[in-house]
Each structure stands twice: as C-alpha cells, then as structure tokens.
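One structure below.
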Amino acid sequence: MPGDERRISANVVLRAEGLSKQFGPVTVLSDVTLDIVAGEIHAIIGENGAGKSTLMRLLAGYADPTAGDLFLDGAPVRFANPHQAQDAGIVLVHQEILLADGLTVAENLFLGRELTRNGIVDDRTMKRIAAAKLAELGCRISPNALVRDIALADRQLVQIARALLDARRLVIFDEPTAVLTDEEVHRLLDIILLLKEQGIAVLYISHRLEEVQRLADKVTVLRDGRMVGTYPGQTLSQMEMAHLMVGRELAALYPPKKAVPSGEPILAVRNATVAGFAEDVSFSVRRGEILGFAGMIGAGRTELFEGLIGLRHAVGEVELNGKPIAIRSQQQAIAAGIGYLTEDRKGKGLLLQERLAPNLTLSALRTFHPGLYLRSRREAAALDEAVSSYDIRLKSLKVRAGQLSGGNQQKLLLAKVLLTDPSVVIIDEPTRGIDIANKAQIYAFIQDLVAEGRACIVISSEMQELIGICDRIIVMRRGRVSGEVSGDEMTENNIAFLATSDAAAEPAAWQPERSLQGGR
Amino acid sequence: MTAVTQTAPLTHEREFNISWVDAGPFLALAALLLIGFIINPDFLSVTNLSNVITRSAFIAIIAVGATFVISSGGLDLSVGSMAAFITGVTIMFMNMMAPDFGTWSIPAGMAFALVVGLACGLVNGAIVTVGKIEPFIATLGTMGIFRALITYMSDGGTIPIDRSLRDAYRPVYFGTVAGIPIPILISLAVAAIGAVVLYKMKYGRRCAATGANEDVARYSGISVVRTRTIAYVIQGACVAIAAICYVPRLGAATPTTGQLWELQVITAVVIGGTTLRGGKGRIWGTVAGAVILELIANLMVLSDFVSEYLVAAVQGVIIIIAMLIQRFSK
Amino acid sequence: MTAVTQTAPLTHEREFNISWVDAGPFLALAALLLIGFIINPDFLSVTNLSNVITRSAFIAIIAVGATFVISSGGLDLSVGSMAAFITGVTIMFMNMMAPDFGTWSIPAGMAFALVVGLACGLVNGAIVTVGKIEPFIATLGTMGIFRALITYMSDGGTIPIDRSLRDAYRPVYFGTVAGIPIPILISLAVAAIGAVVLYKMKYGRRCAATGANEDVARYSGISVVRTRTIAYVIQGACVAIAAICYVPRLGAATPTTGQLWELQVITAVVIGGTTLRGGKGRIWGTVAGAVILELIANLMVLSDFVSEYLVAAVQGVIIIIAMLIQRFSK
Amino acid sequence: ADKKVVAVSIPAADHGWTAGVVYHAQAAAKELNAAFPDIDVVVKTSPSASAQVSALEDLSASRKLDALVILPYTSEELTAPVKAVKDAGTFITVVDRGLNDPSIQDLYVAGDNIAVGRNTAKFLVEKLGGKGNLVVLRGIPTVIDDERIEGFQDGIKGSDLKILDIQYANWNSDDAFKLMQDYLAKYPQIDAVWANDDDMLLGVLEAIKQSGRTDIKFALGGNGMKEIIKKVIDGDAMTPVETPYPPSMIKTAVYLTVAHLVGHAPARGTVKLDAPLITKENAQEYYFPDSPF
Ligand SMILES: Nc1ncnc2c1ncn2[C@@H]1O[C@H](COP(=O)(O)OP(=O)(O)OP(=O)(O)O)[C@@H](O)[C@H]1O
Ligand SMILES: Nc1ncnc2c1ncn2[C@@H]1O[C@H](COP(=O)(O)OP(=O)(O)OP(=O)(O)O)[C@@H](O)[C@H]1O
Ligand SMILES: O[C@@H]1[C@@H](O)[C@H](O)OC[C@H]1O
Ligand SMILES: [Mg+2]
Ligand SMILES: [Mg+2]
C-alpha cells in the first residue's frame, strides 16, 4: 500500500526520496519517501517522537538529511538554509514558537524581509498588512504589542500569519492548532482550504485527528521514524489512523468515569482576584474529584491559577483542608501540597539544556534530597521509575530535556510535579501537542492520581477532553466564572455558550489577554 | 446549569500609554538637574551646562555605537583604548602630512581616522563572530592590544599634534555654530543617524532581533554573523568620530587617553535603558545617560561637601539611584 | 530500512566520561606550559611554577565565587575594590586588637574579614535582586563605593599591619605544608568546597537553574531572589578568604590593592568555560583559567622578545588564542 | 570683600604617592581656610587627564579663580586648558609634573626626577664598584617615569653596570612583587634592583625576602615614603639610601600661593625641591611618621 503515487506527476511540487536523519548514533528518520502535490492537503501523523517535525525541518531547509534527496519540480535540489527554501516558496510554521520576545508583533511578522521605502522601513504599511493578516486569522491583537506581552495562542497566530505572508508553493504547518481554541482552529482550517484552492500545497501535522479527517486529501503515517504508508484522506476513520500510528489496538481514549466523589473539599477558593486577568472567582474541589476549567484562550484561567499559587500577585481567600492559608510563593504552594503544571513546558516547565534527572527533581529539591546534599543514586532511581511508570520514551537516559519529543516532555513534567507529592494537582493544558496514544495515557494518569485521594484541576481549551475526564467543569469568561456544568450538562454546546455568549455580543470590546504591568 | 451574571468588565490598559520606560533616563536627568540647582545655582548656568554637555559628547558618540553592539547582543570593552589608538595614529598621520599639505592634512587625517576605526571595529567583530569568542573576553583582549600599540608607538610618552595644525583644528572642539558647541552638534548628528539606522532601517530591526533571540533571527534568514559584525564596525566608526573631536581638546594622545571610557560608555548605555542582554536599543536614552554621567562628575566638582576621597562612592550611589528612578518609573 | 530497535536497556552511563568541553581550559593550560618551556626552560622550574600558582591563588579564590555569581546569571565588578576594602578594615581591626590580644587578633581579624565579606556580598546581592538593577551597573556602583571607603578610611595612604603581627601572620602566604605553599592549599580547598556546593548540593542546582532559565526556576519553586543573593554572598566570602591570604603578602592595604582584579576574575571564569549568560558553572575550569592568566604574565617577563610596551598586546593575543583552543577543542 | 578663591586640582589617590598629595592638599586647605577668613581653598581630585580638564572648566565656569594650584595628570593634555584659566587672569602654580609651555606658570614647585634617577644610579655605580647586573621596575608610561629612567641610565653611563631588564609595574606594590619574583626566576645573578617608586619597592623587598637569595646587594626605591626612610635610619643593609620626592610639595605650593595672594610674600619663579641622597646621616630630616605617606 505505501507509495500510491510513485510517479512524478506534473503537479508534484516537492518530492522527498529515501530521506534519513541521524543524530549521532540515533536514527530518528529512515527512508521516507513523499510526494507533495500542488493544491493538495497532505497530513502527516504519528506518535510523539515519530519524526514528523524532523522530516518537516529537512523539507524546509532547517536541517540536512543524512541520506536521501529532495526534488523541486522534478529537479534535484538542496537547501543550504531555510532562506533558500523560502525563496523556492516553501515555508514552515514551527511547532515551537519562534518569535523574538522583545520585538513587536509587526516587527516579528516581517523580520528578515522588512518592507522599505528609500531604505527606510515602511512601518505604516507593515502594520497595516500585519493587522489585516491577523484579522483574517481572527486575531485582534495590536501589531504594536510586544510579543512578550501576548498570549501563547496569539503568538502562534502571529507565527502562522508570518508564514502566510510568504506562502507561494508549499506551506508546512507543524501542529498549528495545539495552542488554539476551537474557534481559532475553525478559522485556520478555512484559511488552509483557501490555500488549497489557490493551488498551494499544504503539509499538515496535527494530533487532533478530527482536523486531519476534515482536511486531508492524503495522510502519511510515520511510526518510529519509518513510513507506515500514504493513504487517501477521506477513507480513514480516526480509529484507523490511531491504529496505524500506534501499531496496535488502542483502548478507549477516555477512561471510564468513577462514581462522583463526595468527600470534603480539599481546596476552597473564595473571591480570588488577579488584577487585570481574573476577578472574584470562587470554587472548591474535593478529594478524588477532577474539576475542569473551560474557557476561551484569554479567559484568565492560567493567570488565575498562577495567582493562587503565588506566581503572580493575587487577593482572595484560600482554604486547604479547611484551614485558611496564605500562599505568597510557588515554594509555599509546593510545601502546602499544591502542584502546578505549566502550559508552557518549554519556556517555564523544563530546563531544555539540562539532563532529565535534574529536571525531574527540580521542584522537589527540598523533600527529595533531605539535608544539603543531592542524592544522585536516589535521583537516578527516581528517573528510572518515572520513565517506566509514565512510559517516557527515550533513546538514552543522557539526553537533554529539550531533545525529548513533546509528548515525552509532558510526561516528564507530570512526573516532576508529582514528585512533590501534591494533594491538589493543577494541570494547565495537559495534552497540548500530544498524540492520541499519549493522551489516553495521560488521562489514565490523571484518573490514577485522583484515585489515590488527590484532587485534580484541569485547565483545557479542548472541550472534548474536559467532558471526557472531568466530574465537573467551571467555565470562565473574561476573567469571571460564567457558569458551572456537571453530569449531563457537560456538553460542548453548554460550555461554548457559557464561554462565549457575552464575548460574541460585543467582539470589538473584547481584547484577548495581555500581560499587564500590575502583575509582577 | 448555573449561569453567573457578568458585572463590570475587567479593564485592559491602553496600548499607548506613553511609555514610561523610555522616559526613565530623562526623568533621572531632570531630577539630577534639580538637585544640582539646589546644591549650587551656578550648576544651571549656560556656560556650565554647555561645558558639561560638550564634554559628554565623546562618551555619547561612542555610546551610540555601543548601543548597536549591545542591542545586537555583544559588548565592547575595547572602546577606550581603541579611542587612544585611533587618536594616536591619526595625530601621527596628520603630523606626517603637515609639512607637505598644511592644514589639508586635517581632513585627510579625519578620513584616515575613520578608516582605522572601521578596521578596528571589523577586527573586534570578526573575533567575536567568526572566532565565536565571548565578547567580554575578545574585546578585553583587543583592549590590551590597542592600549599596548599606542604605548609602543608613543614610546611610552605622548604623541602631540603638530603646532602648525593646532589652531586650524581647534574649532572642532572649541568652536560653535549658532552658539552651540560643535561637539554637541556632532553628537546630536551621530545620535540622529544612529536612531534612523536603529529604528528606521532594516539593519536596525535585524540588530535588535539578533540581540533578542539569535535562533529566531537565524530562522528569519538574518545572518547573525554579519549583523553583529556590522554593529562592531559601527562602533568603530563612532569611536573614530569621537577621537576626531577629541584631538583638539587635549592636543595629544598618551598611553592613558581614554582609560576607563569603556565603563562609562556601558554605564551610559544601560542608564539609558538598553539592557545588556541585548534586544531593543535606546539611542536617545544612551545620550541622556552620557550626559547624566558627566553631570554627576560636574556636580562633584561644584559641590563642596563631599570629601575628595569619597567622590567615587557618591558617584556610585548616584548611579544606583539613577537606575532605581529609571526602573521604578516603569 | 534501518529499524530503530531498542537493544540494550537504558543505563545511567557514568556522569564521568571526561568531556572535551571540560577539558578545554586544561588543554590550553598544557599548551601554555609547553610553549613556556620551549621559550625558557626556567619556566618549568619548581620555584617559578610554585610562585606563579601561589600568585594565582587570590584570583582563583575570588573567581570560584564569581563562578557562582555568573552561573546564577549575575556579574560582580566590585570584587577588586571589595578585596581592598576588606583587606583595609581587617588590618585596621587587627591593629586595634593587637595591643590587647597579641597574635590572637589574627584569627579574630580573619573572622571579622569573613563577616565583612558576607555583608558586602549581601549588599551587592540585595541591590541586584531586590533593587532589580542590572548587575553590571549595580556592582560598578559598589565598586566605586568600596574603593572610596577604603581610601577614606586610610586617609588615602597605605594601611600597614602592625609589626607585632607581621611575623606571626606571614606563613599564611609564605608558608608551606608538605612543600606546598599555603595559598595553593587554600585555593584548592575553596575550589573543592565550591565544586561540592555547585555540583553536589541542592543550592548548586538552584543556582544553575536560575542562571539557565529564571522562569523555569520560579515555576519550580526556587526563589530567584534568594538564590542569586546567596551567590553574591558566597562571592563575598571568597573575596574575604582571598583578602585573608593577601594581607601577609605585602603587609598593607593601599588604594591600588585589587585594582582590575575584577577583569582578571571574570576572564578566569570565562576562560574556564563558564559562559557569561549563566547556567552551568565550571569550578575547576575557573581555577585553570586563573592559573593560565598568571602564567601568561609570567611568560611575558621570562621571555625576551616582547618590548615592555607591548606586553599587554601579547597578553591580549594569547588570551584570545587560549579561548580559541578552548572553543575548538569542543 | 569677597573671598579669594584658590583652586587646587590634583590627580585622585590612585597610588601611595598621589594619596600623599591628596592628604597634604587637604591638610593645607584646612589650615589655610582656618587661618585666613577671606581665603577659600578648594581641593578637587580627578581620576584621569580628561577628567582634570573637565574639572578646570567646571571650577572656572562657576567662580572666578584667584589662583590655581595644579599637579597636572599629564603634561601635554593639560597645557592648553591651564592656559585658558591663566588667560582669565588667574595666578597659576604648577606642581611636580610640568606643563609643556613653562611660560604659563607663575610659580613652579617640583621635585627633580632626573636627579632621583641619577643620584640613585651614582650610588650604585660607586657601591658596586662600577660593575654588576641590575634590574629596574618602572611605573606607568608618563613623563615623570621617563625622566627618572633617563636620569638613571645617564647615571650608569660609562660604568659596567648592566641593566638586565626593565618592565612596567605601574607604581603598584603587587605588580612589583610579581615582577620581582619573575626577575628572580629569570636571572640567576642580580646585584641590585631599582624600583623608581617606593610603593613598588615594598613589593620588591617581599619578593627578595621570600626567595632567600643572597646575591642581591641593594634594592632601592625613591619618593621618601616613611617606611623606607625608617629603613635608612635603621641602617638597613639592602636599602641604605633613598631619594626624596615628597608629596608634601603640594602643601608647599599651596602655602606659597596663598602667601602671594594675601600679599605677605610675592612668590614667583621656580621652587625646585632637590633630590639629594638620603642617608643614615640626614634621614631624620625627611622622616614624618604621622604623614600617611
Ligand atoms: N537534536 C537532536 N538530538 C537527538 N535526538 C533528537 C534531536 N532532535 C530530535 N531528536 C529525537 O528525534 C525523535 C523525533 O523527534 P521529532 O521532534 O521529529 O518528533 P515528532 O514526530 O515531531 O514528535 P511530536 O509529535 O512530539 O512533535 C525524537 O525521539 C527526538 O527525541
Ligand atoms: N526555594 C528555594 N530557593 C532558593 N533557596 C532556597 C530555597 N529553599 C531553600 N533554600 C536555601 O537553600 C539552602 C538549603 O535549604 P533547603 O531548605 O533546601 O534544605 P533543607 O535542609 O531541606 O531545609 P529545610 O529543613 O528547611 O527543609 C538554605 O540556605 C535555604 O535558605
Ligand atoms: O605620581 C608620581 C609618583 O608616583 C612618582 O613616584 O613620583 C612622581 C609622581 O608624579
Ligand atoms: Mg513535532
Ligand atoms: Mg492558559
């Protein structure tokens, strides 16, 4: 079945033949052959670490293949750098956010290809185009905003807009929707269809298989760096895709729900306010309960919880196990037994240049290494244990955290937070950029950890996942709680209504989150 | 399902609050002028201010260059000794030309100074970018090299400018145009050009991007090597311009010329609001920073209650306070 | 098609495979020794090497502290004048105690020096972390302050140690244990302790994490303020230890004591392989760096082909070359 | 009537000798301000030549100066600025490091640097019997340093004294200590050392002491630092002589200048402090145990 279309048709923009990539002794990609056809949306799917991003980097000139060739319009080609690929009309939207924090949105959009008039940069035009491009994507941030001050989702949109400026032959989207809300995703998919109409080839990577199913004309599946095959898009069900990716039967995505817990609340929050982001939020969570927080990006959920655990300035009352506590720093939160797993695992979660063991114990230094000294043997054992119990896939225990694939980084982060033995675990976007098999595992972990008597709060922009795992969901809108659903009320419609109704009524006044100076 | 009604919406601050960040150094400057006036009313006399600002011109001009280097993510410790070196070779060049070309040797010498400055900058840039050596160390190395070269060329003594050129050259430092001292005009011109390049030209964007995030710059097709090297070359040109203005002031180059200027220059840049981590540079803040430094020194001379031994301490304290004003005006 | 079979199970390979990165400074050191020997065989004589390494002890000890500061993401320019300040007050303290307590005032003075060092470090740390001022500027400020204070306290003169204490104190610099000069032993001890703290203790983790990524550190419950402040305090303690060894060398503090040590210290740290951006520090590399610097100076005197005027230039060139060796041995 | 202003502009205390200058200048100011109610002596230090030029501008921009006593950081760079002050009608006293144009000064108070070098050299030629190996430590590249070296080289001319090596040690005891250690490592036979400043001599002596070498017969300095004069008084074998170059010359200069202003004694011309050899016999005259230098 692999290689439905081995002949070079006139429409093939880019052909990859026998591509392989090794990092030192480690082979991450071997013998991949691919035809990318103009006006076609070609999805690449595979588990975390299957080599998708690596393949895309080879195609767009960011890295050199160890073996294999590329053909542009049938002629062999070699991109010495991304610039040459860009000149050939090939652009890549990276999985990681690659923007300069200290520059404005417009400056980032046009970085390296500024428009000038008589040698002077034409800021007015660039800002205009930037605003227009962003609006097309449904992003309403100002082109003058500093990238440092805008939310992750907006950054992703800026990155997409940047690629679209240059889209001529082939646009590669590497998990563009991981950090986007459903609404933003819809808009992006429309734009991608528009690209297709214009005869532009699109390579599309996503772990959200429903998107793949909606969009893809062709689907190529990678497993462990090797091609499983290329298939016509519409014929594959999501289940079949998952099966091809994983190579075995998958159990259900969501674990079966346990009885609704009825214990005493562990954590109760009253009238919490984080200036500029969240106002007057009250809720409580019980032992054994999984509480969801839904809302659009910018609803203030992340900031609310960063406030509650002392990473931002916040006011309000917090009770833990019935006793009021004041948390002024993340240290105190950890000591009190509240663990927080950040949504920004690369920027705030892991030391990417550091090995795995130090990353694993970083939050738990105090308890894990009693006394002054590090217990390196204990640390090594803990890593072994984490690797096996969280099923972290790696090729060597000596790799740096940054070299793990996204899903495995997320598992490491989960292990890191749980090492502090929290009684309340707050997980912000638990499965962002995570493949379906890993997702199921992470859901199972969440289930396990509440089964041990902890409480878990899940913040997610994927309604499906909240509905799938939570006992109860609180919906936030513009910094306030707009409602709460549980049991049968937990439907996409209800949640969407609570999350957006007001915002939809007055879109002009609605500004996505922006970090305000008041914070910290 | 329980719906909660929405009360007043959260306020989001306006995008366009005239940025206090940029105003920081100017506020510090204003505070200093006020304090100076209280301590000694002569402080605000036209002569005094014009003297002080004229003096700050050297540091300001060099610091404009340093703003490029620092914003591109580099650092240059060699500027002081580079200034001495350029001053020295320029004077030697002019003296050599003087017998044959008379005062024409002054403009010729200026052009020569510029060429030498560009070359020195290129050397620094190449060591840092091609040699991939930490800028601190690379320019510490060239600092020693330039300083030693001038000591060697002067045989450990001074290199005075030819008497025949002295008077013709004098106005470059002591002259005025429309009442404004020429060095002030030159430093304003340098700053203005610097601002245009940094804020209004492609190169400026690339410079800031390189300093803000090298990977992003590289992925955006910006040559980090080229961008950073050019920053050092700009720095070299600025040092040369400062040297050109400097010659008539002291009339000689000595092995101690320009000593510790590098610290003043970096201080001016940082007081001006550019961070040493790289990223966006603030040219006008830098100029304000240079003036602030010179004003502090001036204040020390004009005020009488600080023991001469403690001058450095008081300066240190004032600089820290200026930075605090800077920071908390944010 | 090459299947990626996971054959051997994952093992914790020993952390101990000698990495070339770490070897860089030692290779540079070896190269230097070789060149030195070729130029002048006396270079490798026991007396000469022992002199030179003993001399490098101050810089090495201070630089161990600087490795902490730099790896935590800071910088300290004040170490030289802090050393002068501590030397001065310590001598004054000992002299004051001497009439009543005799040679007991020496250990008392040492303890006093340590306390002063810790306090100075705390001041630097607080300005940087609580005041949130760019370390470069903050410590440039305190550099002026310490220097001025010592000048003030000494009335600008030298502060010699009491004759009655001199001989008792002398061995701390000039003495040997088992043939090894005491300063060398002290600096090895300081480096060993530093290595344990940085590599084997929790604080070391916090320090490296803070320098590598402040956000990750904060989100992991590490207090950036506390960690970085502690690094400055460690630096203060190291400066105090260096000062304690320094006193008997010349028996006096002068306004020039410790001048430009800060540059040597930072150079040693960087030559040793720690990057100024923060993150991992390399204690033993730092020690090698300090020795390299002192060897270069020594080589300049022992060799005959460099004019006295050009010494600084040749040193600059050698430092750059050492960095290149360092870099390309990676 | 208005007070008469006497500005004293000197280098900052960057080594022992200049520290002595600052001490004596401040002492003079204090004494004179107390003694003469209508005289105002202000002392300003500058850490570099260009800072000193600035200080001159500042001093004369804000008040009329009746007199300026200046110890120029460097000669070349300060000549024109001092002339500008002079042209405004100020009485100029120059101390120690001369200006390039002597016609500017009304009064010149200085030591004799050539003599410092030459007298030391003469002593060595005589004591070593006109033959032997020398090493020399010099200060920083300035005219003063050059003059002393020149005087010294002049002094040994014609003898068989040989200068094995000469390097900068920046008038700094630490640098001198290291340099001397290196000289000792490099040369197996050294008969005498000359450091052209006593700060450096301190470092030299420590290095010699540590080495335990016996070949060095003399280690001499210059400047009249009290510790060294004490050695001469005590009959130290290695440092039996010294040349004076007292930082108190600044005090002399300030006193003379004020005397001129208040009309007690019109002072003009040159006061050259001699640099005779200080020996055990006359050392007491040069010994001031209470001065910081
Ligand atoms: N520089 C590197 N050195 C060593 N191994 C690397 C390096 N970069 C990537 N890898 C490894 O290559 C494999 C493939 O990574 P890649 O990022 O291509 O996966 P992916 O399919 O994009 O995964 P995800 O869905 O999580 O993004 C992973 O096992 C990763 O750890
Ligand atoms: N979160 C932190 N960030 C920075 N420094 C810290 C932090 N926690 C502790 N320290 C400092 O690190 C050093 C070791 O303290 P730590 O608490 O880790 O050891 P411990 O013996 O486990 O202490 P305790 O008994 O208080 O738990 C102390 O100086 C402490 O002040
Ligand atoms: O500063 C100089 C001093 O150190 C030297 O020894 O004597 C002359 C002075 O000018
Ligand atoms: Mg990927
Ligand atoms: Mg969020």
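Using the three backbone atoms N, Cα and C, a Cβ is placed for every residue, glycine included.
Record features, source TrEMBL:
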TRANSMEM  B:20-40  transmembrane segment
TRANSMEM  B:52-70  transmembrane segment
TRANSMEM  B:77-98  transmembrane segment
TRANSMEM  B:104-123  transmembrane segment
TRANSMEM  B:135-153  transmembrane segment
TRANSMEM  B:173-199  transmembrane segment
TRANSMEM  B:230-252  transmembrane segment
TRANSMEM  B:283-303  transmembrane segment
TRANSMEM  B:309-325  transmembrane segment
Exercise. Against which stretches of its own chain does the transmembrane segment (B:135-153) lie, if we need a Cβ under 8 Å and a gap of at least six residues from its ends?
Worked result: 69, 74-78, 80-82, 84-85, 87-89, 92, 120, 123-124, 127-128, 159, 253, 255, 257, 262
For this session: Kindly say whether the transmembrane segment (B:52-70) and the transmembrane segment (B:309-325) touch, using the definition of 3 or more Cβ pairs under 8 Å where each pair is 6 or more positions apart.
Result: no
For this session: Spell out yes or no: are there three or more C-beta pairs under 8 angstroms between the transmembrane segment (B:173-199) and the transmembrane segment (B:230-252), with each pair 6 or more apart in sequence?
Result: yes
For this session: Please indicate, using numbers and ranges, the residues of the same chain that are 6 or more beyond the transmembrane segment (B:20-40) and have a C-beta under 8 Å from a C-beta there.
Result: 271-273, 282, 285, 288-289, 291-292, 295-296, 298-299, 302-303, 318, 322, 325-327, 329-330
Exercise. Which residues, given as numbers and ranges, are at least 6 beyond the ends of the transmembrane segment (B:309-325) yet have a Cβ under 8 Å from it?
Worked result: 24-25, 27-28, 31-32, 267, 270-271, 292-293, 296-297, 300
